């Protein structure tokens with residue numbers, strides 16, 4: 001071992017991708033071996049946007065994109081929960097019902113019983129948590145496959161939703177209240193939007209810079225500062241441009257800000273905490289995780305509870321978006337859109353692979369399709385068929401990429 | 001009935017000592033009166049046919065099973081293992097036959113799985129340094145610790161599993177069939193690895209069906225047969241004698257052993273091989 005080489009660069013067999021050309025070469029290698037990351041989504045989004053923009057020039061207008069972001073936030077939050085449960089290799093098919101039930105709980109408690117809105121929302125979240133605990137108990141104690149228990153939950157919770165909504169079947173939430181304004185109107189002041197993007201860009205650079213410094217001090221090869229700076233700059237400028245474009249209309253919805261905040265928090269939790277590492281391990285090899293002393297049952301419970309709570313929150317947000325809690329809330333394509341978004345975004349159905357940003361990217365794809373088809377005035381029958389086809393393509397890409405990763409030894 | 005031979009000076013202090021360990025599963029006696037000593041800096045090979053009780057013994061030592069009777073002494077103190085965590089806390093590490101690695105995680109994450117530094121903001125730099133230190137101590141040839149386990153060969157994975165078991169600074173390390181799935185070169189690598197672990201002063205228990213491997217690294221060979229001790233041998237014992245002890249098939253081995261028992265003398269050193 002040469003004393004001059006850093007610890008992690010001592011082996012001659014490893015090619016070290018340094019500098020700009022190295023970064024590109026590494027990226028191509030990863031993609032070829034099936035480690036696609038966000039590439040399929042970005043390509044897919046480009047195709048979808050081009051097609052819809054040529055068919056209807058309104059599609060990429062500021063106004064439509066702001067609406068798109070409002071719509072993304074509700075199902076997006078549900079999809080974030082799906083990412084959580086997919087990480088441990090399980091599934092929750094009842095997120096739609098749980099979200100509908102949560103919106104009904106808010107409607108009944110807040111509007112019909114006159115509870116303070118905050119308490120009503122917290123109760124709805126608690127109801128979601130209870131659903132998660134039940135699924136986790138069935139899974140951990142009785143070994144019931146999550147596929148079956150949540151399918152049963154889908155029906156049972158839908159029944160509960162219809163029961164508490166009673167004969168009327170629909171409760172209107174008061175216009176002008178904070179919750180409905182959040183769902184329909186509130187947007188960030190333009191300066192705040194620019195400022196938040198700038199802060200995020202600076203935080204991205206600073207955290208990367210600190211990592212690089214620590215690695216250099218510890219005698220490991222630091223990532224390239226120039227590359228980091230370029231990435232941070234490109235990302236910041238690109239997102240600032242998007243914010244500028246959205247500000248031509250109403251601006252960036254606060255609800256979307258909340259969604260992105262949750263995504264960032266989840267990303268940190270999954271990548272940088274022991275909990276997240278344990279989630280990935282349980283999803284990859286449950287028995288190995290158990291023998292490493294990880295509380296496997298606890299991890300499953302946290303995944304189920306988090307998924308159901310985020311589903312409940314998504315339900316509350318969609319009630320705010322629609323200003324009503326109805327029997328239709330959470331039915332239809334909510335379930336599938338949430339799951340499809342996570343998978344399209346790159347979270348594997350097979351467990352152990354995925355990231356929080358897949359919920360964000362995936363839901364933008366799904367909502368773009370929905371919005372584009374609505375603008376073209378196509379019937380919902382066609383919309384279902386096309387969304388179904390996109391989901392099928394996403395899963396095929398996932399399966400093929402997985403096979404390729406196995407043959408290239410990248411798990 | 002066993003002979004604990006102490007005529008050659010032991011390489012180090014006795015790390016682990018078992019006396020009269022029995023384990024019954026209902027009416028079946030999986031282990032009967034097992035005696036076993038492991039010294040620091042010594043490789044003890046545990047051999048025996050299928051059903052001889054090797055795995056049961058390892059599970060008893062790993063805290064997975066609790067013995068029905070018998071005493072276990074670890075570093076001079078009597079201990080009782082009530083669960084896997086007790087064994088880990090004492091300093092008994094186990095490398096399982098299937099290695100129990102997460103293929104989707106990289107080498108560092110696997111080594112530190114369940115013992116991550118700084119749980120709320122993982123200290124990746126310190127963990128990577130420690131991982132390299134452990135791997136270098138084993139003279140392991142892992143190209144990069146940031147590659148997922150799936151990209152490593154069988155021997156490299158074995159190395160990672162051994163490095164992980166060393167993380168908690170154990171006194172005793174148990175390897176279940178470490179070479180079973182490996183090719184010639186990789187087997188040699190793992191055997192080198194075992195010798196390096198021994199040279200660090202750890203007690204090593206190795207289970208194997210491969211007599212060549214056993215003979216290559218073991219300082220002592222403990223034979224189990226049908227849940228009982230069936231003699232302690234040294235690497236220069238002939239293959240035939242070992243096989244006889246393991247299978248109990250050849251009459252001459254049995255008679256030799258009874259002869260040994262009568263005289264209570266060293267049999268394995270001089271007149272064979």
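Placement of Cβ uses the backbone N, Cα and C atoms for every residue, glycine included.
TrEMBL annotations: computationally assigned, not manually curated.
Features as listed in TrEMBL:
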type	residues	note
TRANSMEM	A:39-59	transmembrane segment
TRANSMEM	A:65-86	transmembrane segment
TRANSMEM	A:117-139	transmembrane segment
TRANSMEM	A:146-166	transmembrane segment
TRANSMEM	A:186-207	transmembrane segment
TRANSMEM	A:228-246	transmembrane segment
TRANSMEM	A:252-270	transmembrane segment
TRANSMEM	A:299-322	transmembrane segment
TRANSMEM	A:334-352	transmembrane segment
TRANSMEM	A:359-376	transmembrane segment
TRANSMEM	A:382-401	transmembrane segment
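Within its own chain, the transmembrane segment (A:228-246) has Cβ neighbours under 8 Å at 62, 65-66, 69, 193-194, 197-198, 200-202, 204-205, 208-209, 212, 252, counting only residues six or more beyond its boundaries.
Long-range contacts of the transmembrane segment (A:252-270) within the same chain, counting only residues at least 6 positions beyond its ends with a Cβ under 8 Å from a Cβ of the stretch, are 66, 69-70, 72-74, 76-77, 80, 83-84, 87, 182-183, 186-188, 193, 196, 243, 246, 276, 279-280, 310, 317, 320-321, 355-357, 359-360. When each of the listed stretches A:39-59, A:117-139, A:334-352, A:359-376, A:382-401 is scored by C-beta pairs under 8 angstroms to the transmembrane segment (A:299-322), A:117-139 comes out highest.
By the Cβ criterion (distance under 8 Å, sequence gap of 6 or more), the transmembrane segment (A:382-401) is counted as touching the transmembrane segment (A:334-352), at least 3 such pairs being found. Long-range neighbours of the transmembrane segment (A:39-59) within the same chain, counting only residues 6 or more positions beyond its ends whose Cβ lies under 8 Å from a Cβ of the stretch, are 31, 344-346, 358, 361-362, 364-365, 368-369, 371-372, 375-376, 390, 394, 397. By the Cβ criterion (distance under 8 Å, sequence gap of 6 or more), the transmembrane segment (A:334-352) is not counted as touching the transmembrane segment (A:117-139), fewer than 3 such pairs being found.
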